[in-house]
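Student: Could you have a look at this structure, given as structure tokens, before my questions?
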Amino acid sequence: MLDVNNFEYMKIGLASPDKIRSWSHGEVKKPETINYRTLKPERDGLFCERIFGPMKDWECSCGKYKRVRYKGVVCDRCGVEVTKSKVRRERMGHIELAAPVSHIWYFKGIPSRMGLVMDMSPRALEEIIYFASYVVTEPGDTPLEKKQLLSEREYRVYREKYGKGFSAGMGAEAIKKILADIDLEKETNDLKEELKSAQGQRRTRAIRRLEVMEAFRNSGNNPSWMVLDVLPVIPPEIRPMVQLEGGRFATSDLNDLYRRVINRNNRLKRLLDLGAPNIIVQNEKRMLQEAVDALIDNGRRGRPVTGPGNRPLKSLSHMLKGKQGRFRQNLLGKRVDYSGRSVIVVGPNLKMYQCGLPKEMALELFKPFVMKELVGRGLAHNIKSAKRKIERMAPEIWDVLEEVIREHPVLLNRAPTLHRLGIQAFEPTLVEGRAIRLHPLVCTAYNADFDGDQMAVHVPLSAEAQAEARILMLAAQNILNPKDGKPVVTPSQDMVLGNYYLTLEREKAVGEGTIFKDINEAQLAYQNGYVHLHSRIAVFAGSIPNERFTDEQRNQLLITTVGKLIFNTILPKSFPYINEPTKFNLEIETPAKYFVDTTTDVRAHIAAQELIDPFKKKILGNIIAEVFKKFHITETSKMLDRMKDLGFKISTKAGMTVGIADILTLEEKHEILEKAHDTVEKITKSFRRGLITDDERYERVIAVWNAAKDEIQGKLILSLDRLNPIFMMQDSGARGNISNFTQLAGMRGLMADPSGRIVELPITSNFREGLTVLEYFISTHGARKGLTDTALKTADSGYLTRRLVDVAQDVIIREDDCGTDRGLTIKAIREGTEIIEPLEERLEGRYSRKTIRHPETKEVIARENDLITEAIATQIVDAGIEEVTIRSAFTCNTKHGVCKKCYGKNLATGTEVEVGEAVGIIAAQSIGEPGTQLTMRTFHTGGVAGDDITQGLPRIQEIFEARNPKGQAIITEVGGEVVSIEEGRDRQQEITIQGTDDRRSYNIPYTARLRVEEGTIVERGEALTEGSVDPKALIRVRDVLSVQEYLLAEVQKVYRMQGVEIGDKHVEVMVRQMLRKIRVMDTGDTNILPGTLMDIHTFTEANREAILSGSQPATGRPVLLGITKASLETDSFLSAASFQETTRVLTDAAIKGKRDELLGLKENVILGKLVPAGTGIGRYRKLKSEVIKETAEVTDEITNI
């Protein structure tokens, strides 16, 4: 077998007739498949054993030679070679066609490659190929021209007139002759000459022809090979025929298509032998052409060939295309052995790195390991008896199983895998039942809940796979979210509620002001009912094992609550004692105001103090992030487990319930509604008098009701008891938000109708009172819209992720430093006056491009190429610096990837990024994964002429596909001062800008809102009106970097508006991929074709060579491609073909004789090679492992890694 990891590239091209014959093991002459009585393949048929190999291993067809000892013998009776039956998957056959046939891909594709080579229109080609017209192949000395079309009548007239003085033909034969006569060298030179003077359409056509001619010249393909003389027959096991239980056969569609070809071919041969009339022969040739077309790409021309029930048959092209095609179904995703799936249930007592595997499942998954161990222990004599023991489930196998799975991690995956945390490794523990147990804290990462979700289990087999699973994928390692570097394993629901309840403070609770000597005493008092969890007490600070207290504080009393004492036991000893949810307390120390001298009157002191807020979900997240920063992975995962256990325990103790009595209605609600009704009445009066338009009336009514709802909500919050269970649930962040509560106890407010327009009739009732029939009906629209939106959004978001992954899959960290001298100058991203993304967030984890100094003291804050940590970022912002130049993926010089310095910190680990990290895929997942959280709506914003601004998912798609945005802003092409804004015709406004050497005027539609006024100084490319800028226009007016910065800011605005944080670097990686191509305008003295789309690196390389040799370099202009287009324009044809438009990509690649250098991930997955990322990268593959010494017994627990 071919070693998959041993070849460097893959090449595709056209096959010559001789090449096809050389692949073949024999000619298929008959359309028969299998004899229905003997069930043996027919000789010379589509399943013939003589051509394709034996049906049974080591056995010829007639049974004369059986067993492996006759290996390689060809039977003298039936002619079948004695070998493995597996060869029926690889041996090909062929059909000698009685007449040449054109290949539909090259004739029918857009543009028609055959048409370009022959300089004929596809219409004319179709007429020739399908025998409607003659074409002159050799005009001789007649006035006819070569390639001139003649109708049947004209042909007869000219034949009588000139006799044999010219030759003309029809069908693929004539095409083949013309193609064979083409002199590529001469045609190419003629076209180059033509290009010098040609303009418009002629120039475009010449460039396209030249591209195809050059492709044929450089690839060594012969244009006449686009016409087939010999048709390859694919191996029979790939188009199988199987017997069903009723004695009938099920067969692949390809066999039907092949049978049609063979039948027609044989009939044509017979007609030719008989010397049939020309018209009959031509008809048969046309039918043969159509049969081959249907085999290669059914349905591409005319009506598709259908099978039973009018179903179009699946041809060779369909086998490759789409989600069910060969590429996406079998090559990019395969079903694997050693895997299983089951329903998940919660495992609250598991450790962070554990999962519960059902016994039966574990036994099946680890079967070979168990069998080996049974034999090794002498519990079974051989593998067979071990297998029988397992099938009988003998009692002794369970101990063995437990031994086998110890320290053998398994991978758990939940579909859809939206980001890399969708697959994590756990150490299995055996559990009874049939459900997988999952640790509650990893649910957020998987987006899993226990309402019937299922998960898949995979077993890593090799030692390397196990080591990678343990070191890189263990759930305890995946604490940070790759998209923003924040902890992803934050507690949720019950755990949040428990910790919130635990840290509550209550005035005058039982035992308030009691002084305790240590924690144990306080806990004892609590267990015996002398104090409550919420009681504020004093405890001797020296008894608390916290290393952050000063010596003076150790001799004082600490004012705290019993609950907070218990809460702080879960934190590391050297972490500050947390008494209040503030940044100061978390990061620096416990505030001094909580320490009092032992002589103080504690009760009076406590009574004078205000109550402190309990610890909500966000604070718990901050605590986890701080612990991670200071103590790293091991300590954090242990602390998380303690936090989880404590949360569950206390929320059980708290016994939160929701009763109808907890929903208290508001007294003032009635009068607020009355007031609103009056205001609406006044607005309607103004409208009736014609003082305002209907649109204005609508907007104002909506505003009134929204204000009424907000007022009710505000009063509700104030009237609520802090210990109300519903309030506690939403305040802690466990579940629900304040608007849910408003709907229960206040009013439901305004609803949208099916079109998304807000109905101006508000729902004034709440759920506590109940809705009227009309109100209920109005609210059903919103409910239904919510559900349909979610369903549509999921599909859209998934498709977006797929396109993003495809365009960035080959971006990998390739080197330590690319040595670039360029950088990106960044400042806080703003929308008007509001800061969308502050500067320190953008700086953290990046490398500085220039030395950063304090503007006043001139002291160095960070040197060039220093990593900017959180502390340095804060220092920079505190120094009043507003913009900083950093290293960025935009300006990185690395080919096919990014370097470590330009990328910066790996957000998923919080450390420097490693060479080999697949940052492209991480970026795509980070942008795609929150896609489902974005809204689908196009907001209708206020004002009469309110433009629809696209937001949410549609806006993200618009940006990444580089489409013309909705509500487009008008941009200026000159920089300078706005000298006048005047009203022109049709109430349009005319803005005039005076540049340094140019004056421009722009007509602005009446409805647009201006962003400038007279006297404003504008730069080139700046927007004059509100709305989104078209990036394609921006790239024309300004430079690439401005476009990159604009796209980055726009993406961040959409996500931040929805409260989703994404690291800048992910967007940078994606945007860089959209701008990696250049369109050649002037070719200079290089041999590049004009109008070619080239990779910037290849272009620069070609120009460098030109300059070194002293010739004229080419010039080009950067092009912004949408992600779909960029994916299809990639250098790798395997990656592009497996993405979309498979036949077009393959046609193009075959003619150009393309080489795929296998640089990206997809190409290598398709070929079954190790991906060139992570540990599959060259520098890691060359490492050799050696045994230093054997360990006697592994005593370390897994958490001590």
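The backbone N, Cα and C atoms fix where each Cβ goes, and this holds for glycine too.
I grabbed these lines from Swiss-Prot:
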- C60, C62, C75, C78: Zn(2+) 1 binding site (BINDING)
- D449, D451, D453: Mg(2+) binding site (BINDING)
- C818, C892, C899, C902: Zn(2+) 2 binding site (BINDING)
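Can you tell me where each of these features sits in the structure?
Tutor: Sequence-distant contacts of C62 (Zn(2+) 1 binding site), defined by Cβ-Cβ distance under 8 angstroms and a gap of at least six in the same chain, are C75, R77, C78, V80.
Other C-beta atoms found within 10 angstroms of the C-beta of D453 (Mg(2+) binding site) number 17, with every protein chain shown included. Reduced to three states, the DSSP call for D453 (Mg(2+) binding site) is coil.
Under DSSP, C892 (Zn(2+) 2 binding site) is assigned to coil, being neither helix nor strand in the three-state scheme.
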Student: Write out the long-range same-chain contacts of C902 (Zn(2+) 2 binding site), meaning residues 6 or more apart in sequence whose Cβ is under 8 Å from its Cβ.
Tutor: C818, T820, Y847, R887, S888, A889, T891, C892, T894
Student: Between D453 (Mg(2+) binding site) and C899 (Zn(2+) 2 binding site), find the distance joining the two CA atoms and give it rounded to the nearest Å.
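Tutor: That comes out at 40 Å between the alpha carbons.
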Student: Taking every protein chain shown into account, which of the binding-site residues C75, C78, C818, C892 has the largest tally of Cβ atoms within 10 Å of its Cβ?
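Tutor: Ranked by Cβ atoms within 10 Å, first place goes to C892.
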Student: Please identify which of D449, D451 has the densest Cβ environment, defined as other Cβ atoms within 10 Å, among these binding-site residues.
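Tutor: Selected residue: D449.
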Student: Whole-number Å distance between the CA of D451 (Mg(2+) binding site) and the CA of C899 (Zn(2+) 2 binding site)?
Tutor: 44
Student: Quick one: pull the CA-CA distance for C60 (Zn(2+) 1 binding site) versus C899 (Zn(2+) 2 binding site), whole Å only.
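Tutor: Here the two Cα atoms lie 59 Å apart.
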Student: Of C60, C899, the binding-site residues given in the record, which has the fewest other CB atoms within 10 A of its CB?
Tutor: C899
Student: Helix, strand or coil for C902 (Zn(2+) 2 binding site)? Use DSSP.
Tutor: helix
Student: Rounded to the nearest angstrom, how far is the Cα of C899 (Zn(2+) 2 binding site) from the Cα of D449 (Mg(2+) binding site)?
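Tutor: Rounded to a whole number, the Cα-Cα distance is 39 Å.
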